[in-house]
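Student: Annotated active site, proton donor/acceptor per Swiss-Prot: Glu163, in sequence order, evidence recorded as similarity to another entry. Per Swiss-Prot, the feature Ni(2+) binding site maps to His26, Glu92, His118, Glu163; the stated evidence is similarity to another entry. The substrate binding site annotation in Swiss-Prot covers Arg30, Asn96, Arg114, His118. For 23-167, the entry in Swiss-Prot reads domain 'VOC', with the evidence type sequence analysis.
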Amino acid sequence: MSFNTEVQPGICMEPDAITQEYVFNHTMLRVKDPKRSLDFYSRVLGMRLLRRLDFEEGRFSLYFLAMTRGEEVPDAVDERQRYTFGRQSVLELTHNWGSESDDSQYHNGNQDPRGFGHICFSVPDLVAACERFETLGVNFVKPLDRGMKNVAFISDPDGYWVEIVQASLNGEMGRG
């Protein structure tokens, strides 16, 4: 089945053929305490750690996480590296060593000056997911019962917003 893009000013209707092989691989968030962040993204949201890379000379570590849904992830380092950088929808957490003990915070983009906004997870049952998040003590930025219907926002340990949606509830979203 071919994909027909929505028509909007600025959209290229026929991208170069070579781009058909491109993959949106990952987005990166800076984190202060990798233990807290890894716990949040693995225990609360179910992501798996694909790869950790340490850079002694730069004093930072990278953690690559994804939803694997039972996929076989290669054990061999070179194969795992290719798997990590060849798949879609990876979250990279970057930890600059020593940042966990300083008083500064990373800017989440949702206060002035605005910029980055959020990442999003789709869940099969929005109400059940939100009840589970409450039980786990997750911070809600926007609970289900406030504002726009059928969407919730939680925040991770660094204050980044995570949107939670249920695809089957959003067919009419944005249709006036």
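A Cβ is built for glycine as well, from the same backbone N, Cα and C atoms used for every other residue.
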Student: Sequence gap of 6 or more, Cβ distance under 8 Å: name the residues on the same chain that satisfy this around His26 (Ni(2+) binding site), in order along the sequence.
Tutor: Phe64, Ser89, Val90, Leu91, Glu92
Student: Cα of Arg114 (substrate binding site) to Cα of Glu163 (active site, proton donor/acceptor): how many Å, rounded?
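Tutor: Between the Cα atoms of Arg114 (substrate binding site) and Glu163 (active site, proton donor/acceptor), the distance comes to 17 Å.
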Student: Taking the Cα atoms as reference points, how far is Asn96 (substrate binding site) from His118 (Ni(2+) binding site) in Å?
Tutor: 21
Student: Reduce the DSSP letter at Arg114 (substrate binding site) to three states and note it down.
Tutor: coil
Student: What's the CA to CA span in angstrom from Glu163 (active site, proton donor/acceptor) over to Arg30 (substrate binding site)?
Tutor: 18
Student: Which ones in the same chain are close to His118 (Ni(2+) binding site), with CB under 8 Å and 6+ residues apart in sequence?
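Tutor: Same-chain residues close to His118 (Ni(2+) binding site) (Cβ under 8 Å, separated by 6 or more) are Asn110, Phe153, Tyr160, Trp161, Val162, Glu163.
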Student: Find the average pLDDT over the domain 'VOC' (23-167) in the predicted model and report it.
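Tutor: Reported value for the domain 'VOC' (23-167) is a mean pLDDT of 95.
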Student: Could you check the binding-site residues Arg30, Arg114 and say which one's CB has the fewest neighbouring CB atoms inside 10 Å?
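Tutor: Counting other Cβ atoms within 10 Å of each of the binding-site residues Arg30, Arg114 gives the minimum at Arg114.
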Student: Determine how many residues of the domain 'VOC' (23-167) DSSP places in helix, in strand and in coil.
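Tutor: The breakdown for the domain 'VOC' (23-167) reads 35 helix, 47 strand, 63 coil.
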Student: Taking the recorded positions one at a time (Glu92, Glu163), which has its Cβ surrounded by the most other Cβ atoms within 10 Å?
Tutor: Glu92
Student: Taking 10 A as the limit, how many CB atoms besides its own sit near the CB of Asn96 (substrate binding site)?
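Tutor: Other Cβ atoms within 10 Å of Asn96 (substrate binding site): 15.
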Student: Measure between the Cα atoms of every pair in Arg30, Asn96, Arg114, His118, the residues the record assigns to substrate, and report the largest value in Å, rounded to a whole number.
Tutor: 23
